[in-house]
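Chemist: Please find one structure pasted underneath; my questions will follow.
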Amino acid sequence: MARSKTSLKWLQEHFNDPYVKKAQKDGYRSRASYKLLEIQDKDKLIRPGMSVIDLGAAPGGWSQVTSRLIGGQGRLIASDILEMDSIPDVTFVHGDFTQDTVLAQILEAVGNSQVDLVISDMAPNMSGLPAVDMPRAMFLCELALDLAGRVLRPGGDFLVKVFQGEGFDEYHKNIRKLFDKVQTRKPDSSRDRSREQYLLCRGFRGVEGAASEERF
């Protein structure tokens, strides 16, 4: 019974959510589109012609926004453990990003080139138990950062969803070694009760740049 009440409450909140209604009106697949749009309005992260990887892409809200902004000369590779309906000119890699085979497929799609931007809205299925949820969430953050380190061009950018809790401070410390500037963003469209926020990382230093920083 308690579970049914919780589910009903979630459904009521979801359908009364102004961003859900706005997404339906504007043709976006997810309310999450507005999180990226808010960051874009503030930081001008995405530009025409860019090469971008979108992690945790399904159902496609961020990919819709990104594809429109990069235009026909850009390139977008999206990936998620869930299926995603196709978006024109978007390469989709379906599978569990924690598996090496999926990483290999993404790297194959990237090819010998580098990308300008990696964005990650990945999050685990939450149990409500911080001792379980935080390690899972931080593991996904670490994997996203690992990919960014492999594929970003020097000067490239990285946007990643994070959660405050155990492991965050160490992650934040490490990421600051790799980028010239790291800022926190909490879009208005994030739900009030959510502990999520985003780290906006500008100016990838490259592996050599990070190693040089480590020496000082």
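Heads up, residue numbers simply count up from 1 along the chain you see.
Each residue, glycine too, has its Cβ placed from N, Cα and C.
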Chemist: Say Swiss-Prot lists G60, W62, D80, D121 as binding S-adenosyl-L-methionine: which of D43, D96, D133 is in the same site, per that record?
Modeler: D96
Chemist: I need the CA-to-CA distance for D96 (S-adenosyl-L-methionine binding site) versus K161 (active site, proton acceptor), whole Å please.
Modeler: 17
Chemist: What whole-number Å value do you get for the CA-CA distance of W62 (S-adenosyl-L-methionine binding site) and K161 (active site, proton acceptor)?
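Modeler: Cα of W62 (S-adenosyl-L-methionine binding site) to Cα of K161 (active site, proton acceptor) measures 13 Å after rounding.
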Chemist: Three states by DSSP: which one describes W62 (S-adenosyl-L-methionine binding site)?
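Modeler: It is helical.
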Chemist: Distance check, please: Cα of D80 (S-adenosyl-L-methionine binding site) against Cα of K161 (active site, proton acceptor), rounded to an integer number of angstrom.
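Modeler: Counting only the Cα atoms, the answer is 15 Å.
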